[in-house]
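Visitor: Take a look at this one; I'll ask things after.
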Amino acid sequence: MTREPVGALARTLRGAWSRRATLTPLLLLTTVVVAGVVAVLGFAEAAGTSGALAVPLLLLALVALPTTGRELASARRGEIALARLRGLEGGELYVLVALEPLLVLTFGGLLGGGLGLLVARLSAHAWLRDPAPLVGVDALVAALLVVLVALAALLVGMAAALREPLADQVAAVARPRRTTVAAAFAQVLVVVGAAVAVYRSSLGSSGAGAAGVDVVVLAGPALVGLAVGAGALWLLRAVARVWVRRRGPRGGLGGFLAARRLDRVSGVAGAVQVLVAAAVVAGVALTAALQVDQWTERTARLQAGAPLRIDLETDAEPALELTRRLDPEGRWLMAAVLVPGEGSAVARRAFLDLSRHDAVLGDFHDDTAAAALASVVDELAPDTGSATRPVVGTEVSATVSGVSRRLEGRMRPVVVLSLRDLTGGSRQVRLRLEVGLDGGPATASTPVECAAGCEPVAVTLQRKPGDSELPWTLDSLVVGDQDLLERGWAPAEETRGDRPGGPVPVAGGLLAVSTSAPLVAVPAAAGLSVPVLATRSAVWEDDPVVDSPGGADLAARVVGRVPGLPLVQADGLLADLPRVLLGSPPTVPVAEVMVLARADTPEALLDEVLDETGGDLRTLAQVRAGVSDETGAAQARVYLLVAGSGLLVALLVLATAVARERPAWLRDVAALRAVGLDVRRLRGAGRLEAAGLVVVSVVAALLGTAAGVAWLLGDLALVEVPAHAVALRTSLEAWPVALLAVVVAAVVALVVGRGRRVSAERSRPAILREEAAR
């Protein structure tokens with residue numbers, strides 16, 4: 001009982017070894033496919049991405065494996081005939097021919113599974129910041145399923161050979177087979193599948209599943225490649241057939257022989273179709289990897305704002321003061337604020353110290369959607385002239401008066417002057433006065449630290465609780481030898497109903513109207529509309545308004561629209577930070593205050609910023625890694641890995657098909673030499689045949705790639721574009737297409753050219769007699 005299974009296994013091993021030339025490509029094919037599938041699923045487990053990226057590879061394998069099954073059955077035609085003569089039919093015959101492939105598939109599955117887990121682990125650690133632990137159970141289960149499906153596909157390919165008449169199976173030379181109805185139906189099914197994939201892609205996300213991935217669209221590039229390859233080969237055969245019929249030998253003997261061969265091409269045609277499909281997947285994957293990588297880099301630049309970013313837990317004014325104090329020349333540091341408002345694009349706003357844009361940012365955003373920012377910096381941060389020029393002095397004095405006499409009540413005005421020194425630090429000076437019943441002028445003075453110069457920011461007019469609400473005027477506000485009221489002031493806000501927006505400018509100064517609320521005035525230049533740069537999505541129902549970092553509504557003037565901006569990305573506004581801080585209330589809690597720095601900022605300066613603020617320093621590389629992880633951008637690289645596996649599968653299929661046809665090719669050459677044709681003419685015909693296949697393969701691959709990029713790439717869900725991010729735009733790239741054309745041409749030329757190389761010794765006419773004698 002024990003010897004019989006051992007003997008059967010030994011016979012199977014001896015048979016597999018004797019047919020190693022046929023089974024080795026199957027082993028390599030299984031290893032490549034299983035490794036690719038396991039690598040994709042393993043990476044998906046570590047990154048939380050979709051494992052459906054392996055679909056194109058599985059589709060190519062399903063197309064290639066039946067061909068391999070036919071070759072295996074063809075290599076065992078004699079053995080199959082003897083088994084049938086002994087009475088084996090049906091299931092017993094299938095078991096006989098399935099043992100060797102199952103052995104090879106199992107061995108290939110083990111090799112591929114181990115290799116795939118290794119690739120998954122290496123890629124996860126290379127492309128992810130914090131990959132999840134890789135268990136690999138799902139990937140290995142998938143590998144087992146791949147082996148079983150591959151065995152079924154092989155048996156489907158063997159079925160036709162197993163049903164051949166005995167006379168054909170014992171013949172020395174296999175007859176050429178016509179295209180069967182099943183094969184023709186499969187080609188039609190491929191075309192229909194490609195059309196369905198393109199249609200579902202046109203539907204966008206509505207055709208995707210719960211995970212946001214449409215399996216049919218993912219298989220689309222392979223289906224399009226198979227369809228285009230089939231059409232190109234049909235056209236090649238038609239042209240060759242017309243050439244043979246109309247030109248004949250008159251068009252040159254070499255061309256006639258090449259056309260005859262191209263008209264009858266069968267095994268190589270199927271392999272070329274698989275190669276075209278794999279090339280289309282590779283072209284789409286290479287374009288996707290390139291453009292997703294560019295999108296990730298540009299998105300990271302917009303999100304970071306600068307090569308170095310230090311996030312602070314402070315308000316906007318202290319951040320501005322810090323950068324101007326530590327970097328007074330404005331060479332390295334820039335204060336910035338992001339208010340990530342929700343609800344509309346105009347609620348999202350970013351503020352930069354744009355006077356330092358050229359020095360700190362320079363060309364950092366030139367290759368992004370915010371490239372136009374550099375051309376409008378002067379409009380966003382205009383020179384406000386005398387309205388904000390520094391004042392110098394050590395004392396401030398204010399004079400107030402009533403607008404008329406009053407009979408009773410006290411009037412105790414309070415004047416608050418807000419200043420910013422040349423380093424960006426803010427300070428306030430408070431003057432308390434009292435106006436008599438006659439309304440006559442009253443003056444008060446207090447020291448101020450502006451010996452080095454200060455910039456007036458705001459003037460606030462208040463009255464003490466219980467005081468009369470009669471109006472009064474601020475007649476003068478002098479620092480040093482300059483009366484600040486001569487600069488021109490405007491209410492900080494617009495008047496809304498009964499609520500005044502600030503003191504009213506009058507001929508004698510500023511009028512504090514009848515109200516108990518504080519009245520804030522800002523320099524006239526600040527009271528004008530704030531120039532802003534807006535994204536295309538930013539729209540207002542009424543006049544443009546931008547909220548300051550403190551939430552104050554400021555009239556805005558849009559100087560331009562761009563696809564994207566630093567920090568706010570595709571949705572929001574950008575304005576000058578010092579400009580909007582004039583008279584602004586404290587920064588809102590949701591605001592993100594930061595310091596932006598050049599890539600070559602001295603480490604000592606960065607350490608000083610970090611020591612003073614305790615901020616969090618992030619480099620562009622760290623931001624880019626975060627964007628890649630959050631958006632699943634590494635899937636584009638995984639898809640490229642799948643495409644590489646598909647190209648290896650196609651190469652194996654093409655090499656196997658050419659090698660299988662070579663003996664028949666050499667017999668044809670020997671027959672032609674027997675009737676007197678020269679070897680050089682036959683070699684020329686072989687080169688023409690290879691050239692025809694090269695041209696068809698390259699043209700079909702390029703057309704399929706162009707169609708895949710135009711119709712499918714944008715909906716492959718290789719990256720999840722976050723809200724407010726600039727959209728991923730896909731288009732055909734020149735150098736990936738050129739590289740693809742070179743690779744396809746080289747593969748077809750080398751493999752087919754070598755297979756069609758005429759050997760004078762191995763194509764002797766005598767071999768025909770030797771085969772007949774056997």
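The count begins at 1 with the first shown residue.
Glycine is no exception: its Cβ is also placed from the backbone N, Cα and C atoms.
The domain 'ABC3 transporter permease C-terminal' annotation in TrEMBL covers 54-162. The transmembrane segment annotation in TrEMBL covers 21-44, 50-72, 93-119, 139-161, 181-199, 219-244, 265-290, 638-659, 690-714, 734-753.
Each of these features: where is it, how hidden is it, and who are its neighbours?
Guide: Beyond the ends of the transmembrane segment (50-72), by six or more residues, the same chain brings 19, 22-23, 25-26, 29, 33, 36-37, 40-41, 44, 97, 100-101, 138, 142, 146, 149-150, 153-158, 160-161, 211-213, 215, 218-219, 221-223, 226, 267, 270-271, 273-274, 277-278, 281, 635, 638-639, 642-643, 645-646, 649-650, 652-653, 656-657, 660, 717 to within a C-beta distance below 8 angstroms of the stretch.
Residues 56, 59-60, 63-64, 67, 176-177, 221-226, 228-230, 232-233, 236-237, 636-637, 639-640, 642-644, 646-647, 649-651, 653-654, 656-658, 660-661, 693, 696-697, 700-702, 704-705, 707-709, 712-713, 716, 718, 730, 732-733, 736-737, 739-740, 743-744, 747-748, 752 of the same chain, all 6+ positions outside the transmembrane segment (265-290), place their C-beta atoms under 8 angstroms from a C-beta of that stretch.
Tertiary proximity for the transmembrane segment (734-753) is limited to same-chain residues at least six positions away from its ends with a CB under 8 Å from its CB atoms, namely 268, 272, 275-276, 279, 282-283, 286-287, 290, 647, 650-651, 654-655, 658, 686-687, 689-691, 693-694, 697-698, 701-702, 705-706.
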Visitor: May I ask for the residues of the chain that lie six or more residues beyond the transmembrane segment (139-161) and have a Cβ under 8 Å from a Cβ within it?
Guide: 26, 30, 33-34, 37-38, 41-42, 45, 51, 58, 61-62, 65-70, 72-74, 77, 80, 94, 97-98, 101-102, 105-106, 108-109, 112-113, 116-117, 120, 169, 177, 180
Visitor: Are the transmembrane segment (219-244) and the transmembrane segment (21-44) close enough that 3 or more Cβ pairs fall under 8 Å, when only pairs 6 or more apart in sequence count?
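Guide: Counting Cβ pairs under 8 Å, fewer than 3, so no.
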Visitor: Near the transmembrane segment (181-199), which residues from the same chain, at least 6 beyond its ends, have a CB less than 8 A from one of its CBs?
Guide: 216-217, 219-220, 223-224, 226-227, 230, 711-712
